[in-house]
Every structure is written in structure tokens, then in C-alpha cells.
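Feature list (source: TrEMBL):
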DOMAIN    15-388  domain 'tRNA-guanine(15) transglycosylase-like'
BINDING   C324, C326, C329, H355  Zn(2+) binding site
Amino acid sequence: MKFSVKTWSKSNGTTARTGVFQLGNCPQIETPALLLSTRKGLPHFISPDLLPSLPLPDSSLLHVSPLHFMEGISSKTISSIGGLHKMLGLHDFGFAAVARDSIQCLPECSATNKIGASFETPCGRLLIKPADYMGLISSLRPNLWATLADEVPAWVSKKRNQTSVDRTVKWLDECIALSPAGGVAFGAIVGGSDIEERRRCAQEVVKRNVSGYWIGGFGFGESTDERPALLSAVIGSLPKDGPRLISGLGLPEEVLQGVAAGIDLFDSTYIYHLTIGGFALTFPLYNKIYVSDLKKTGMGIYQTKINLKATVYRKDATPIVESCCCYTCQNHTKAYINHLLNVHEMLAQILLEIHNTHHYLGFFRSIREAIKEGRFEQFREMFTEKRRNHLAEVAVSA
């Protein structure tokens with residue numbers, strides 16, 4: 001793994017930065033960057049032959065949950081094949097393994113104990129011990145993996161937060177001791193909504209031999225207002241030259257909040273949830289005015305996204321976004337995707353995931369440009385203000 005910081009934001013009150021990140025045979029990418037959510041190593045609806053239709057190299061980082069392989073093909077079989085890269089034939093992609101995936105493998109803190117972390121999975125509730133987890137990592141051979149963590153929601157007691165940090169640090173030591181040759185370890189940082197515990201966990205992780213930092217425990221009930229202080233407590237305790245990966249921040253506003261705090265990599269399931277709901281991203285990108293027919297008809301149309309299941313698109317022969325150069329917008333119309341959604345044809349999700357991935361990677365590109373030009377804070381304020389104003393208008397007209 002190679003990582004270096006290239007640009008720091010010149011805006012006051014923000015520690016946003018751009019950098020260059022390279023993982024295994026994966027081409028060099030710029031940060032802040034998005035890790036694409038996958039199911040057993042592949043995007044949920046995009047097959048390997050369609051991956052080249054996504055923007056490269058921005059789409060070459062893939063998130064995978066080792067817990068997905070608790071069912072189906074065994075980890076021993078994958079190991080005998082030679083790991084995920086050889087099994088899937090994705091030699092030029094980088095895999096980042098994190099136990100949590102926010103779709104099917106959710107932490108269940110009430111059942112977690114000192115032996116291991118509990119997760120709700122398609123196989124039921126499972127208790128994953130550090131040795132079990134590292135066995136999966138050894139078989140899958142991802143380029144990057146985060147250590148096992150005891151993630152807790154925002155409403156737990158101070159004592160439970162302390163226990164969470166103690167267990168996470170203990171499991172970190174166990175995971176490092178069992179770590180296979182090759183692969184890059186990211187130390188897990190938790191602490192719930194307790195600022196002091198967040199800081200303590202970060203300080204303990206820094207003492208260990210890790211190559212980067214995975215910040216967990218977000219997206220579990222903390223408010224938008226308390227998140228900056230929690231992020232600041234963690235980032236302030238980390239060295240400036242280490243890459244930082246976070247889970248649980250997926251909405252555009254949340255990503256901007258994370259970037260402002262100094263996060264480099266985002267593991268997000270936002271694209272999946274949009275796609276499965278029949279939504280397409282349409283918001284304007286920095287230095288690009290995407291023109292879309294967003295008439296207020298009360299049919300589920302939204303400034304950030306549009307609901308292509310709505311009947312208003314039944315005869316709409318225009319692309320999702322006029323200026324978008326993704327495969328979907330270049331070859332298909334809203335009317336066609338509306339038809340596919342209404343007859344429950346899987347091609348609808350394939351086309352939507354291609355567009356949404358393309359658009360969201362463009363959003364990250366806009367963020368990087370804004371940081372380089374010293375205009376990140378203005379970009380962030382403009383984006384959130386326009387979004388807030390639009391939501392207010394919708395509320396008034398409803």
C-alpha cells in the first residue's frame with residue numbers, strides 16, 4: 001500500500017485533504033475516494049463484464065464483508081483457488097475487507113461478549129471470534145482489512161462504551177498476532193457517542209503496528225450535530241500521514257462532513273439503497289450543470305434524486321441526466337427504465353446502479369477539485385444550503 005497527502009484545504013475550520021492511494025495491483029487513485037459496496041466481492045447488480053463501463057480508476061476499490069462467505073462457497077475453497085482476486089478474475093481491483101456492510105451483516109451489540117462480536121447475517125445471528133475472522137481474512141486474501149470491532153449505537157451507557165473500546169483494542173492485538181503475510185491492516189476505532197472514549201481508542205490504536213485506521217461506530221443513531229466533535233476527537237489523535245477509512249457515512253451531506261474532518265476513504269451502501277428503491281441521482285456536480293426535467297408534480301421527484309417508478313416518467317424519452325456520459329444515460333431513457341421497474345425486470349437495477357455509481361463517483365471528483373482549488377468550504381456550504389432550501393420548499397408545497 002502507498003499513500004501520501006497532496007493538498008490540504010485552505011478553508012478555515014476544516015481539515016479536508018486530497019491524497020494519492022495505491023493498493024496492490026489497483027491503479028493509483030486520488031482521495032477522498034469511495035469504496036464500492038459489494039456482495040461477495042462484486043457490485044450488487046453489475047457483473048464483471050460491465051465493470052469497465054464504470055469510471056476508472058475511481059471505481060477500482062471494492063469493499064467486501066468476509067461474513068458474506070459464511071454461506072455458499074466455503075472460505076477453504078476460495079483459499080485453494082488463490083483468494084478473491086483469482087476467484088473473481090479482478091486482478092486490477094483492490095479489495096478492502098470490513099466485517100460490517102450495513103446491509104446484511106449488521107453488528108448486534110447486545111449479543112456481543114468478551115469472546116467475539118455478534119452480527120445479524122443471512123445465516124442468522126453469528127458470534128465472530130478474532131480467530132474465526134482472521135481465518136476468513138487468510139482465505140480471502142484482501143489487499144486491505146480492518147480489525148474486528150465491538151461497535152455500539154449512540155444510546156448505550158458510558159460503561160458500555162468503555163467496554164467496547166477495551167474489547168476492540170484487545171481484538172486488535174489478537175488480529176495482528178494472527179495476521180497472514182501480505183495484506184494491509186487498518187486498526188479499528190470505536191467509542192460510540194462518547195468523545196473521551198473515541199479519543200482513548202484512537203490513541204491506543206496509534207500505538208499498534210497498523211498501516212491505516214478504520215473508524216467504525218457511525219451511522220448508529222448519532223445526530224448530525226454531535227458527529228463533528230466525535231470525528232475531531234478521533235482525527236486529532238491520528239498521525240497526519242496515515243489513510244483513514246470510515247463506515248456509516250453515505251449521504252452526500254454526511255460525506256462532506258467526513259471530508260471536512262479529514263477522512264480519505266468512504267465505505268458506503270448509499271448507491272445500493274438508491275438503486276433498490278428505483279431512485280436515480282440527479283443533483284448538479286461542481287463545474288457541470290446537469291440539466292434534468294425536475295417538474296414538481298408530487299410524484300416522488302426530489303432534487304438530489306428522482307423516483308423512476310413514478311408514472312410521470314412513463315413517456316419521458318430523455319436520459320436520466322442530459323449531460324451524463326454513463327452507459328445508462330447514453331443508451332436508455334427514463335421511460336424505458338420506468339417500464340423495467342414496473343415489470344420487475346432486473347435490468348432496471350443494473351442500469352440504475354451503473355448511473356448512480358457513475359454520478360456518485362463524479363461527486364467525489366467534484367469534492368477533490370474543490371479542495372485543490374481552495375474552495376471546499378464554499379462548495380460544502382453551497383451544496384447543503386441548496387439542499388436545505390429545496391427541502392423547505394417541498395415541505396411548504398406538500
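Quick reminder: no glycine exception, Cβ is built from N, Cα and C everywhere.
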Rounded mean pLDDT for the residues that make up the domain 'tRNA-guanine(15) transglycosylase-like' (15-388):
91
Please give me the CB contact count at 10 A for C324 (Zn(2+) binding site), counting all chains in the structure.
22
Once near-sequence residues are set aside, which residues in the chain of C326 (Zn(2+) binding site), 6 or more away, have Cβ atoms under 8 Å from its Cβ?
S53, I354, H355, H358, H359
Using the centroid of the Cβ atoms of C324, C326, C329, H355 as reference, list every other same-chain residue with Cβ within 8 Å of it (recorded Zn(2+) site), in sequence order.
P319, I320, V321, C325, Y327, T328, Q330, I354, H358, H359
If you count other C-beta atoms within 10 angstroms, which of the binding-site residues C329, H355 is the most crowded?
H355
